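Take a look at the structure set out below.
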Amino acid sequence: MALERTLSIIKPDAVAKNVIGEIYTRFERAGFKIVEAKMIQLDDELAGGFYAEHKERPFYKDLVAFMTSGPVVVSVLEGEGAVLRHRELMGATNPKEAAAGTLRADYATSIDANAVHGSDSVESATREIAYFFGK
């Protein structure tokens, strides 16, 4: 496996539940190195730009509203096969379908308030990291 970087966002629902530290502990136990991190409040422009690929989808407005509803923690995780391993740790988008022990099974409440975001490919990770960290 290659050393990769991936973007992780702890979403407003998980931040509001005060589980940032628990999620970071899970990242570290899974062998990820947290190489960049910041807590920010997304506005409509920043959230809308990040999710621009979904602009024509029916859930877009609700997604932007949710992502701007409170602060988020944006992080860059580094590790062997980071993109796929992070997605496995997150679990299925719908927490009702997420495997026991995944972040979404443990911390998410709905398909919308699903606790975390993770890049879906190495290419997406590169683009998403640049979007938030300018690299």
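Glycine too: its Cβ is placed from the backbone N, Cα and C atoms.
Quick look at what Swiss-Prot lists:
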ACT_SITE  His117  active site, pros-phosphohistidine intermediate
BINDING   Lys11, Phe59, Arg87, Thr93, Arg104, Asn114  ATP binding site
*Could you state the CA-to-CA distance between Lys11 (ATP binding site) and His117 (active site, pros-phosphohistidine intermediate) to the nearest Å?*
7
*Among the binding-site residues Arg87, Arg104, which residue has its Cβ surrounded by the fewest other Cβ atoms within 10 Å?*
Arg87
*Show which residues of the chain containing His117 (active site, pros-phosphohistidine intermediate), separated from it by at least 6 in sequence, have their CB under 8 Å from its CB.*
Leu7, Ser8, Ile9, Lys11
_Over all pairs within Lys11, Phe59, Arg87, Thr93, Arg104, Asn114, the annotated ATP binders, what is the largest Cα to Cα distance, rounded to whole Å?_
21
*asked:* I'd like the number of other C-beta atoms within 10 A of the C-beta of Lys11 (ATP binding site), please.
replied: 23
_Candidates Thr93, Asn114: member of the binding-site residues with the richest Cβ shell (10 Å)_ = Asn114
_Validating a neighbour-count step here. Other CB atoms within 10 A of the CB of Phe59 (ATP binding site): how many?_
12
